[in-house]
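Written out below as structure tokens is the structure these notes cover.
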Amino acid sequence: MAPHDLLTALRDQNPLVHCITNYVAMNIAANVVLAAGASPAMVHAPEEIAEFTPICGALTINIGTISTPWQASMMAAAATASAQNIPWVLDPVAHFISVYRREAAQQLLAQRPTILRGNASEILALTGETGAGKGADSGDSVDAAQGAAKKLAAQFGTVVAITGPVDYLTDGTREAQVSGGSSLMPQVTALGCSQTALMGAYAATGPAFDAALAALAHFKVAGSTAAQRADGPGSFQMHFLDALANTQPFELAQVIR
């Protein structure tokens, strides 16, 4: 599906997106999904997973503030989504900073996410390569991680998105790049995490590669628009949500190459 068709479908269908994300990201992730035209649900109790995940259009998992109870919820939700062909997105935030986090990320990856999203350092580290990441921030270039992305796509049958100044997307065969956005985007905490939630919304409406591409493009368009109106990171966040809501479908194709 073309990006403009996916944005139209997302707004028409208003899919329910199950977001298991981190404490820092919950508010902005929910608002990003709402602004785009979908419906977020921040459900993470293990006791609810079996009933809730199956009624959602997509699942997103972000390990930013993972703990043992949340890990149980993530694994159960991922297994449910995979078993019931519900698209799901994995964001292995800073998985390289501890043994616990690395093991959790690898266990989730083994569940074969529909889309894997990360920065260059996170994607490199998933293949065992040493990156230069600092916490949740990347110290590696998107270009340097493209080979790792293709390897992961082939190994796990997933679409891999590397986010950065110019985003890169591959399913192991097809490739795309998305430009635009703003240097203010990394200055708003958890904005990148909220993109994972947006990818889930798009994945509920169309094929995985097309959905990830549309989500990347929507973010870049909104970032560019918001930057023209913002005085700094605080006002940028406000204008970014407005820009997501007001993005016209035809604009998405303008940032894709």
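The backbone N, Cα and C atoms fix where each Cβ goes, glycine too.
Here's what Swiss-Prot has on this protein:
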type: BINDING; residues: Met42, Ala190; note: substrate binding site
type: BINDING; residues: Arg117, Thr163; note: ATP binding site
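Feature map: annotations from Swiss-Prot on the structure.
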| residue | record | Cβ neighbours (10 Å) |
| --- | --- | --- |
| Met42 | substrate binding site | 16 |
| Arg117 | ATP binding site | 32 |
| Thr163 | ATP binding site | 26 |
| Ala190 | substrate binding site | 22 |
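According to DSSP, Arg117 (ATP binding site) is assigned to a strand segment. Separating the Cα atoms of Thr163 (ATP binding site) and Met42 (substrate binding site) is a whole-number distance of 23 Å. Under DSSP, Met42 (substrate binding site) is assigned to coil, being neither helix nor strand in the three-state scheme.
Taking the C-alpha positions, the distance from Met42 (substrate binding site) to Arg117 (ATP binding site) comes to 19 Å. Spacing of Ala190 (substrate binding site) relative to Arg117 (ATP binding site) is 14 Å (Cα to Cα, whole number).
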